[in-house]
Amino acid sequence: MVPSLKYVIFFFIILFQSQIGISFSSQDSHHPLNSLTPLELSEVGSIVKSHCNGNVSFHYVGLDEPNKSHILRWISNPHSAPPRRVLVLARIHGATHEIIVDLSRSSVVSDRLYQGNGYPLLNIEEQVAASSLATSYPPFVASIEKRGLKMEELVCMSFSVGWFGEEKSRRMVRVMCYYLDGTVNMYMRPVEGITVAVDLDRMEIIGFRDRVVVPVPKAQGTDYTGSTPSDADDEDKDAPLCHFTFDGHVLRWGGWEMHVSFDMRAGLVISMASIYDGERDEQRIVMYRGFLSELFIPYMDLTEEWYYRTFFDSGELGFGVSAVPLVPLKDCPKNAVFVDAYFTSGDGMPARTSNAFCIFEKHAGDITEVRPESSLVVRMVSAVGNYDYIVDWEFKQTGIIRVTVGMTGLLEVKGSVYTHKDQMHEEVYGTILAENTIGVNHDHFLIFNLDLDVDGEENSLIKTDLKTSRVSRDVSLRRSYWRAESEAAKTESDARIRLGSGATMVSVVNPSKKTKIGNNVGYKLVPGSVAGALLSDDDYAQIRGAFTKYNVWVTPYNKTEKWAGGLCTDRSHGDDSLATWTKRDREIENKDIVLWYTLGFHHVPCQEDFPIMPTLTESFELRPSNFFEHNPTLYKQEMGMKIHADSNFSVQ
């Protein structure tokens with residue numbers, strides 16, 4: 001993958017190189033959930049600019065997806081597609097507008113001012129513009145000279161600033177700078193003690209403070225680059241597997257069929273995932289929609305330069321916008337198909353990320369009767385600042401869906417006066433990793449929106465507790481056993497679950513569908529290691545990231561409830577979020593429901609994380625539970641499908 005560190009200019013270069021020479025291939029299908037094409041994005045930009053008749057800054061352009069009922073009706077009768085509509089979040093004259101564009105009518109059908117707290121995604125152009133202000137600001141220049149640093153070796157970046165109880169908050173960022181001079185790894189050489197605040201709407205510096213001078217960590221030992229392995233080193237020992245078909249958006253493999261698309265905020269989106277049941281001889285729906293809804297990364301340093309670092313990487317920066325071009329034979333194997341993605345830049349023009357995700361089949365071990373097992377992987381990598389997130393959606397012939405998140409990249413470190421642990425007699429909020437270098441403690445929480453439709457839309461969440469029962473001597477020589485007690489969650493409050501504290505299992509069942517011997521068909525959630533929020537409920541960061549309080553949430557389907565941190569997350573107050581929606585305590589039993597799962601890491605840095613982190617991996621599974629009559633691999637037939645991959649594949 002492209003490392004996170006390509007300076008701030010990396011994103012700027014990608015953006016504007018992407019706007020040059022975009023090829024517009026014909027649309028291969030008209031599925032209502034297809035990604036927006038470059039032509040559509042260009043048309044939306046033109047329509048909005050004409051409608052507003054003034055300066056417009058684009059922050060989010062995404063499909064305003066039709067209601068599920070309309071999609072399912074179209075699937076049954078694909079001759080009458082629902083209107084193709086687009087949601088635009090734009091800043092116009094200092095206000096946030098929610099604009100709906102109807103592409104079938106080439107017009108704006110709705111334009112309303114956003115009345116809530118918070119602001120939309122920061123776009124790349126304004127981040128770069130804000131970062132560049134510091135280097136021409138005389139007080140900042142004087143502070144750099146006071147430290148004996150060279151201006152030409154500085155690289156500055158802008159950071160979202162969170163919310164800390166202000167009734168009204170302006171749209172702003174803080175600028176943090178790093179020092180190269182002998183390394184490419186700027187993140188290991190922060191310039192501490194300087195705070196620069198920038199008003200994004202006015203694009204001017206509104207605050208500056210040089211609080212303390214701290215040594216810049218040394219460049220020695222921070223370079224993480226090495227020789228590039230040859231293609232031969234990366235070749236698979238086994239013959240590559242190529243048994244899937246991908247027709248622009250529809251992916252078929254091993255009985256699985258699904259729709260794959262891209263969103264500039266969520267990144268990769270999996271829809272209409274169904275699996276073939278050999279005994280029933282039918283395709284059965286499992287998941288209507290699945291995507292990464294939000295990432296919450298709060299740092300645990302209370303100092304002036306750090307306390308505000310409570311980042312929402314999807315809602316503030318865009319997980320899809322941050323996708324990096326995947327490199328063949330480095331990021332994905334030689335049998336992979338690569339897919340481009342398109343999004344809208346700040347000026348309303350379409351931009352492209354080449355090879356934004358890849359699709360490949362891989363060997364996955366042995367299964368019953370030593371039949372070779374393989375699985376299908378759809379992969380995307382996002383470089384959000386210093387971190388790289390590797391997200392794999394893996395589909396198995398057993399009916400299992402496994403979602404794996406790998407985290408690597410570079411730590412966000414803090415400059416320090418200390419060169420040895422024995423010198424430290426105060427709270428430093430982390431671990432000393434090298435001389436003058438502190439790795440700050442922090443969390444990573446990723447919440448997934450999983451709209452499961454297990455064999456149909458009406459589902460229920462089942463909580464199964466494993467409880468110990470004592471046995472009397474006259475019943476058995478055993479003294480105890482455990483039994484499973486199950487109950488259906490009736491309302492949203494019943495479905496808020498903290499995993500890890502007890503023996504609780506979670507599954508989604510279809511109450512109206514049973515196996516031949518009477519069990520409700522279902523899918524169960526199998527988590528990996530579990531982490532929950534440790535911040536207090538009244539901490540402003542936790543108020544905004546309250547979805548981390550529970551690992552499992554369930555809501556009734558509502559197409560507008562997509563983003564766990566709210567529609568406009570930057571500087572939000574936590575009043576438009578998953579935690580607030582569920583306070584309505586709506587009924588969820590035998591309803592069209594959405595499962596939300598929060599995957600988390602508490603990261604206490606160690607020296608092995610310096611200067612670049614080894615990949616830390618966590619996953620969860622959605623596993624069939626009485627969905628099939630038997631092990632589905634017994635009906636597995638040798639796959640004879642041939643991939644028909646166009647070398648110019650892109651998300652259209």
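Just so you know, glycine gets a Cβ as well, placed from its N, Cα and C.
Copied over from TrEMBL, here are the features:
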type: ACT_SITE; residues: ASP313; note: active site, proton acceptor
type: ACT_SITE; residues: TYR387; note: active site, schiff-base intermediate with substrate
type: DOMAIN; residues: 31-112; note: domain 'Copper amine oxidase N2-terminal'
type: DOMAIN; residues: 121-216; note: domain 'Copper amine oxidase N3-terminal'
type: DOMAIN; residues: 244-634; note: domain 'Copper amine oxidase catalytic'
type: MOD_RES; residues: TYR387; note: 2',4',5'-topaquinone
type: SIGNAL; residues: 1-23; note: signal peptide
Taking only the residues in the domain 'Copper amine oxidase catalytic' (244-634), give me the average pLDDT of this model.
96
Within 10 Å of the Cβ of the residue listed as 'active site, schiff-base intermediate with substrate', how many other Cβ atoms can you find? Include all protein chains, please.
22
Local backbone state of the residue listed as 'active site, schiff-base intermediate with substrate', from DSSP in three classes:
strand
How many Å separate the Cα atoms of ASP313 (active site, proton acceptor) and the residue listed as 'active site, schiff-base intermediate with substrate'?
10
